[in-house]
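Record features (TrEMBL):
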DOMAIN    217-472  domain 'G-protein coupled receptors family 1 profile'
TRANSMEM  218-238  transmembrane segment
TRANSMEM  250-270  transmembrane segment
TRANSMEM  331-352  transmembrane segment
TRANSMEM  372-398  transmembrane segment
TRANSMEM  419-439  transmembrane segment
TRANSMEM  459-480  transmembrane segment
Amino acid sequence: MRNQTKRFSFMGQVGIAAVQLARSLGMRVIGTASSEQGLQAIRDQGADLAFNHKQEGYLKEIANACIDNEGVDLILEMLANVNLNADLQLLKSCVGRAVVIGNRGTVDINPRLLMAKETSICGVTLFSSSEEEFQMINAYLQQGLKFGHLRPLLGKIYPLEQAAQAQTDVISNHGTSHLASQMDTVTTQSSMIINFTNASCSTPLLWSQKDIDSRKSRLAVCIIAVFTHAIFWLQPIFCSTVRQKSMQWIYAYLVTDIFLVFRFFFTYIVRTTTTDCEPDPAWMTFICYFEATFDNYFNVLEVYMLLALNICRYIQIAYNKNVYEHYKTHLICAHLGIYLGTAISLVIQFVLEWAQLLIIFRSSCQVTYTNIYIQVFNIITAFALPILLNVVVIYMSVRHVRLTSTLQRATHVSAREKYNRTLVIQFLIFYLIWVSLWSPNVILYQVSGGQDLSNTFRLLNFIEIALDPIILAALDVRFWQAWQRCWKYMKARVWQHGPSLAQIQPTTRINTLSAKTPQLRTTAC
């Protein structure tokens, strides 16, 4: 739905509602109608362009109006027997589809138009909708009317005594407006109360059962992640040897993992327990922004934290300098730049309306982008650029270690060179595992993907979060040493009151008298 062009034909109430919904989602809308009244209604509802589908050459005008002349992503067709074959000429290759909502007869189409562009046609009717789909539709309508995204277009209002005439006019009405009956105040209020109590509760923040089921595997992985991170953090809490400045990037990285796990549990609890029919708009907006942006923000932080760690290690390897002692100010600026820079970039995109929040009732909220350029920018800054820089720094570190080893092959290899080689190997192993599990979810955030694919990639992301402390502890000898000391300490505490088989223990017998025998003197022969 991102950066898509929609076209709607035959501007009745369904078409007007479609335009209003599309505009609220940030889509580019092209509408068609057969009268000047209909065209004006399209413009009044916020459509970007409006065309008369009875005029000759209107198809060419729509094609020229599409972005890069690529065609239309989605067509909602209310009069298929007249316009369907023309719709097929306007669809965008590979992704375009025509959705038939209304039809008054048969139609001849050329299937080659579908084959040539690999597009599709599908039909929609409420009669085959499930109970869950009706609840979602009801939630959209209620919230859309409440927040002003949907505004019925009233053309004529009838008094209650003319209700029969209103019904006759509805049947014969060919206009674009809605015909409503006007009742006295008391009757109107009673009618509203009855309709409200009989309407099903929309519960817009409550996930559907399908969404809950799709997250059960992620819930299990997050529970495992809680244990792996809790065990890991016992080391810096109880072992002072691993509380070092040189490990600040590792700890900062693992803290972002904790925030991501917290984000999942918080969202899961809210989305499975909130049964309010009309939640507070501010609370709902906060939950949606939190759900849609929090995950991407901390995932972007992680890639830049690993880049900073990699650069610090390269300086240590190549120049034998303790970065954490000589460049304290630079490190503080790097931390602030990563945290604030990522947040500012995210905020600017929303302020300038390059990014928009897509609120989906009874499902997860998403971020959509209004143009392809901001998507490309995000992919470069959040994925391609930091990954490329990391690869360059890793290559430089490997090259330096290899050249040094070649020069000293004939002589004794120092402990420092062995340590540098170990650092490079450790980071390379961790980075390969991390990229394979982390990158699919970040790329998917910027481009649309299927629901099954989305669930799989996010699951991989949480598996990576659960494995992070295990991999880091396994690759860094300092953590192994800390665990060994902890194990020895615990073992000593447990066995300190028990006898040691390696030593001769003194024995005492209660109520037993002992006398010391005086030493005998000897004389030399």
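Cβ atoms are placed via backbone N, Cα and C, with glycine included.
Keep in mind that TrEMBL annotations are predicted by a computer and have not been checked by a curator.
On a predicted model such as this, the values are computed, not experimentally measured, just so you know.
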Selection from 218-238, 250-270, 331-352, 372-398, 419-439, the stretch that has most Cβ pairs under 8 A to the transmembrane segment (459-480): 218-238
Cβ-Cβ under 8 Å with the transmembrane segment (250-270): same-chain residues at least 6 beyond its ends: 205, 215, 218-219, 222, 225-226, 229, 232-233, 236, 287, 290-291, 294-295, 298-299, 301-302, 305-306, 309, 335, 462, 465, 468-469, 472, 476
Overall pLDDT for the domain 'G-protein coupled receptors family 1 profile' (217-472), taken as the rounded mean: 84
